[in-house]
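Student: Per TrEMBL, the features are:
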- 29-544: domain 'Major facilitator superfamily (MFS) profile' (DOMAIN)
- 25-54: transmembrane segment (TRANSMEM)
- 66-86: transmembrane segment (TRANSMEM)
- 98-115: transmembrane segment (TRANSMEM)
- 121-144: transmembrane segment (TRANSMEM)
- 156-178: transmembrane segment (TRANSMEM)
- 184-206: transmembrane segment (TRANSMEM)
- 277-297: transmembrane segment (TRANSMEM)
- 317-337: transmembrane segment (TRANSMEM)
- 344-368: transmembrane segment (TRANSMEM)
- 451-477: transmembrane segment (TRANSMEM)
- 489-510: transmembrane segment (TRANSMEM)
- 522-540: transmembrane segment (TRANSMEM)
Amino acid sequence: MEGGVNVADKAEFKECLRLTWTQPYILRLVLSAGIGGLLFGYDTGVISGALLYIRDDFTAVEKSTVLRETIVSMAVAGAIVGAAFGGWMNDRFGRRPSIIIADALFFGGAVIMAFSPTPTVIIIGRVFVGLGVGMASMTAPLYISEASPARIRGALVSTNGLLITGGQFLAYLINLAFTKVPGTWRWMLGIAGVPALVQFVLMLMLPESPRWLYRKGRIEEAASILRKIYPASEVEQEIDAMRQSIEEEVRLEGSIGEQGLIGKLRKALGSQVVRRGLMAGVIVQVAQQFVGINTVMYYSPTIVQLAGFASNNTAMALSLITSGLNAIGSIVSMFFVDRAGRRRLMLISLVGIVVWLAVLGGTFLGAAHHAPAVSDMENQLFANRTQTCPEFNPNVHWSCMNCLKAASTCGFCAHQGELLPGACLALNDMSRRTCHADHMEFYTEGCPNNFGWLALIGLGAYIVSYSPGMGTVPWIVNSEIYPLRFRGICGGIAAVANWVSNLIVTQTFLSLTKALGTSATFFLFCGVSALALVIVFFTVPETKGLQFEEVERMLERKDYKPWKRYQGVGDLEPARKREIGLTEP
């Protein structure tokens, strides 16, 4: 019986390189489907930079944090719906049509956003893109898995994860490339339509998943595809293995009894094994989002500006580092997840996250306390050319932080490279232009300070701590911890929990920074991460090296303790397995 998720190792990657060179048809299948992962990463990452320029073009977006959050988070909301419909479409119509429909949504969303006349239309485009992201997030790896030779399946599926982080990194590069081009954000968002169109054309020329065809009784079609993937001597063996696997799958589905969603859910929750597994699976998915990762991935340039770097170009360039570190972390995870273990890697990751979020909170707190003062004399220099912030009172001491928190939305005009008193001006294009014309810098998110580089180091260290552990392991745990017969419904519940948590964090981050302050917001995420560390320790077991049957036996034990090690029980002698309760006497 299959034992856990198929995680690629060095030997598998070597075999993968050899086979894709000798059988290019495999590479064509994988890369064509993998464009979905690239689009997933690009469309979730590109908004972080585009938002800076959307803000400059639309005053309503500049003045409303809620509107900015909505532009970012509507893709996440669309992804929740897309993932739900994607599961149904995968089973009903097949993997290939689902990818083609996702491409149409990606392309449509990109075109809508590129020609958006108002923020509302941008939001509509983001919803379309989100629907595509939700469908691609589950369909692309499924297609790759079912169309790959078994011995290199882990390596090929892993490429989809790499393409997601690679797509995010590409988004930052393209954002940086278009900062000087007229139309800036329109190009950034619209260019995603190109790979979507390419994949649409490629998928029209590729076959359906052989496993889906076999499940639908189209056996000869499935066999003809397998002949292109496997050497002739292995085709019959693979067809027989697929037949046995599908028969077992049908048998397990039949053992559930009731076929409706509510009936399956009732049956699942009636099992102590499923309840324990589902609790662990949902907790790690929620924790993955509530440690605040998507505040960094979606708002990275904004966070850089909060750290005291006012220029859009500088913020874009510096935030590129975080995306690169995230991609590197995904690669590191492949080499350590089977050595360190899932549970240990998550706990180590959470410790690092707590430490570096505390450093970020402290850094922003120091920056706020040392913010330059607002000078009445500086304000008077601009009085004839622009409008002073309405709330400013020369008889009350104000710092840059007071200026940026003003109810009418104001900006701080500061001397470049020096922490000297500056002017607090009403936030509008005239103020920005006038400030820049005097060779000064206009700050709208954070204040000039000497702590900015420490914030960047903390941000990078946070990503390094997050990516190899909490970034990838929760998905692996969810692929291993449920009984086979309930894996679909339980995995779906955990995935929805992940997307909903993502939506909550994305929709509230900027509002939290306005209401609580940047330092308090990061301290809040630090506290939540510390709580997650404790909860994960007491609720999530180690699944490394366990076959699915052994995980089930572990979860049903009367003396079950999530923190107790069951590592390597698959290799124990039968007598020892009986002793620890993993087999019947």
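Backbone N, Cα and C define each Cβ position, glycine as well.
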Student: Check the transmembrane segment (184-206) against the transmembrane segment (156-178) for contact, please; criterion is three or more CB pairs under 8 Å, pairs 6 or more apart in sequence.
Tutor: yes
Student: Are the transmembrane segment (98-115) and the transmembrane segment (25-54) close, by which I mean at least 3 Cβ pairs under 8 Å that are 6+ residues apart in sequence?
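Tutor: Yes; at least 3 Cβ pairs under 8 Å.
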Student: With pairs fewer than 6 apart in sequence excluded, do the transmembrane segment (25-54) and the transmembrane segment (344-368) have three or more C-beta pairs that lie under 8 Å?
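Tutor: Per Cβ check, the transmembrane segment (344-368) does not touch the transmembrane segment (25-54).
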Student: In the same chain, which residue numbers or ranges, 6 or more beyond the ends of the transmembrane segment (25-54), come under 8 angstroms Cβ to Cβ?
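Tutor: Same-chain contacts beyond the flanks: 19, 61, 68, 71-72, 75, 99, 102-103, 106, 109, 119, 122, 126, 129, 132-133, 136-137, 139-141, 143-144, 147-149, 156, 159-172, 174-176, 179, 184-185, 188-189, 192, 195-196, 198-199, 202-203, 206, 228-229, 297-302, 305, 312, 315-316, 319, 323.
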Student: Please give the average pLDDT for the domain 'Major facilitator superfamily (MFS) profile' (29-544) in this predicted model.
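Tutor: A mean pLDDT of 85 is what the predicted model shows over the domain 'Major facilitator superfamily (MFS) profile' (29-544).
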Student: What residues elsewhere in the chain lie close to the transmembrane segment (489-510), defined as a C-beta under 8 angstroms and at least 6 residues from its ends?
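Tutor: Apart from its flanks, the transmembrane segment (489-510) reaches 65-66, 68-70, 72-73, 76-77, 79-80, 83-84, 87, 134, 138, 261, 264-265, 268, 274, 277-278, 281-282, 285-286, 288-290, 292, 294-295, 298-299, 302, 474, 478-479, 482, 521.
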